[in-house]
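Peer 1: Relevant sequence annotations retrieved from TrEMBL are reproduced here:
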| type | residues | note |
| --- | --- | --- |
| BINDING | ASP28, ASP30, ASP236, PHE248, ASP250, THR253 | Mg(2+) binding site |
| ACT_SITE | ASP28 | active site, nucleophile |
| ACT_SITE | ASP30 | active site, proton donor/acceptor |
| BINDING | ARG37, ARG143, ARG154, ARG161, SER199, ASP201 | alpha-D-mannose 1-phosphate binding site |
Amino acid sequence: MNPVAETTAPKFPPLEDRPIKNTICLFDVDGTLTPARLGISPEMLATLQRLREKVAIGFVGGSDLVKQQEQLGVLTGEPVTGMFDFCFSENGLTAYKMGAALPSNSFIQWLGEDRYKELVRFVLHYIADLDIPVKRGTFVEFRNGMVNVSPVGRNASTQERNDYQKYDLEHKVRETFVEKLREKFGHLGLTFAIGGQISFDVFPNGWDKTYCLQHLEKEAKRPGGIEYTTVHFFGDKTSEGGNDYEIFTDPRTVGHTVVGPEDTMKQLKELFGV
Ligand code: M1P
């Protein structure tokens, strides 16, 4: 299913007619709406549909739209851009509002080819020299808005991911790697964020999840646009160093820490009765 395919007629009230019109709920994806890298559950889907009757909803994830489509659209096959009012892939560098694309940005444009090559050369040498129990493939994933680096490789199976995560926690592989990168490349204005199970993300300072908030600010300035005076954010990696930390602590949001999708649903029930 093409995630940007035209969506069917809206089943939800237009944004300006939502009962709690100036409120939006933004969700991290992995560990918040879905188990890490897995699909959304029918219960979560139904909860989001009930919530969307009341407030605007959006997701903000580090992965690209194709991966979010796989995870969030798995049950219905519906384009994910039709399932949420706002879709912020790659932290909002690729963004959609009501199924229509908003202006995008890119990492390589910002960094330039030469500095990018220097970074990748260092990363691949470092991984080649790492002695860890298992290595698979795709150690560097080049994305529109960031580079994702994984010592075990993104081709690891679910079991290999879980095993690596345990190993990493004990041996601080990613933590040490990131410290080295900060020393060597910190002057370029890059952020290194450990978010998921097996990797970390590298992107320009400020291109964390707070990046997506500028789309909401632009929406408020648009003639007839809605000003979201309350922006709830739900995420599972909200501690310092986690990839939800910046948006969670941003003064423009009301942050909620969740321990997994079940907890997200529990908190939504308490807050909005859905
Ligand atoms: O959303 C959290 C992270 O999810 C994935 O991480 P991992 O593969 O390590 O579990 C990646 O998509 C990463 O970019 C993202 O930050």
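In case you wondered, yes, glycine gets a Cβ from its N, Cα and C as well.
Automated prediction, rather than curation, is the source of TrEMBL annotations.
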Peer 1: Which binding-site residues of ASP30, ARG143, SER199, ASP201, ASP236 contact ligand 1 in the sense of C-beta under 6 Å?
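Peer 2: The qualifying binding-site residues are ASP30, SER199, ASP201.
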Peer 1: Return the single residue from the binding-site residues list (ASP28, ASP30, ASP201, ASP250) that has the minimum number of other CB atoms within 10 Å.
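Peer 2: Each of the binding-site residues ASP28, ASP30, ASP201, ASP250 was scored by Cβ atoms within 10 Å; lowest is ASP250.
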Peer 1: Rounding to the nearest whole angstrom, report the longest C-alpha distance spanning ARG37, ARG143, ARG154, ARG161, SER199, ASP201, listed for alpha-D-mannose 1-phosphate.
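Peer 2: The two farthest binding residues have Cα atoms 20 Å apart.
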Peer 1: Of the binding-site residues ASP28, PHE248, THR253, which one sits closest to ARG154 (alpha-D-mannose 1-phosphate binding site) when you measure Cα to Cα?
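Peer 2: In terms of Cα distance, ARG154 (alpha-D-mannose 1-phosphate binding site) lies closest to ASP28.
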Peer 1: For SER199 (alpha-D-mannose 1-phosphate binding site), what is the secondary structure by DSSP, using just helix, strand and coil?
Peer 2: coil
Peer 1: Across all the protein chains here, work out how many other Cβ atoms are within 10 Å of the Cβ of ARG161 (alpha-D-mannose 1-phosphate binding site).
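Peer 2: Other Cβ atoms within 10 Å of ARG161 (alpha-D-mannose 1-phosphate binding site): 20.
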Peer 1: To which of the binding-site residues SER199, THR253 does the lowest count of other Cβ atoms within 10 Å belong?
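Peer 2: Ranked by other Cβ atoms within 10 Å, the binding-site residues SER199, THR253 bottom out at THR253.
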